[in-house]
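Asks: The annotation domain 'MADS-box' is assigned in TrEMBL to 1-61. Annotation source TrEMBL lists domain 'K-box' at 85-175. Residues annotated as coiled coil in TrEMBL: 148-175.
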Amino acid sequence: MGRGKVEVKRIENPTSRQVSFSKRRNGVLKKAYELAVLCDAEVAVVIFSPSGKAYQFSSHDIDGTLARYRKYVGQSQFNHPLSRALVWKSEMEDMNRSISSLEARLRHFSGEDLEPLTIKELKRLERQLSVGIERVRSKMRRIISEHTSQLKKKYKGLQEEHSRLQKRLNQLKDVAETTTRISDADGVSVLEMFV
C-alpha cells in the first residue's frame, strides 16, 4: 500500500513541525550524499533550521563549491548595478537591526528602558549581570593579588638592602671607633693619620 499524497503547507503544531524538519533534513542530506557517490557529482547542501542553526553537506570542499557556484551563476547577477544595490541595501538593513538590538541590550545592562522586558527576560538579564559582576570581581582579586605579591617582593628587597646598609654602617662605626682609640692612644689625630 503506497503513501497518500501529502499536502504541502506549514505544519501548525511546533513539535510535529520540528520532528518533520529533522526527518526531512536527514532525508535531504542522505539523498545529496547518494547523488554525490553514485553519480560522482559535486554536491553542496546548506540548510538553516527555523531557530537559525546551520546544517551542511558537501562532497568536496564546501567553500570551493560555493565559490564555483558564485562564479557560474552569481557573478552575472551580482555585477548588475541594481542587484548590487539591493544586496547592499539588505546588508545595511541587517546591520541597522543588529545595531538597534545591541544598543537596546546596552541600555538594559545599564538599567534603562526595562519596561518592555518580560519577567523571563529580566531574570536572564539579572543572571548575565551577576556573571559579569563575578568576572569583574575575579579580575580585581587577581590584579590585587598580583600587585600585593609584587609589593611584598619589593618590601623584602628593601629590607635586605636596609640590613646590608645597616651592617655596612656598623662596620664603618667600628672602624671609626678603632681609629679614634688608636689615635687617642698614640696622641695622633685621625686627620694626621691621613696626611
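Note that Cβ sites are derived from N, Cα and C of the backbone, with glycine treated the same way.
What TrEMBL says about a protein is an automatic prediction, not a curated fact.
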Asks: With DSSP as the reference, give the number of residues of the domain 'MADS-box' (1-61) in helix, strand and coil.
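Replies: Counting residues per DSSP class in the domain 'MADS-box' (1-61), I get 26 helix, 10 strand, 25 coil.
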Asks: If you average pLDDT over the domain 'MADS-box' (1-61), what do you get?
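Replies: Mean per-residue confidence for the domain 'MADS-box' (1-61): 88 out of 100.
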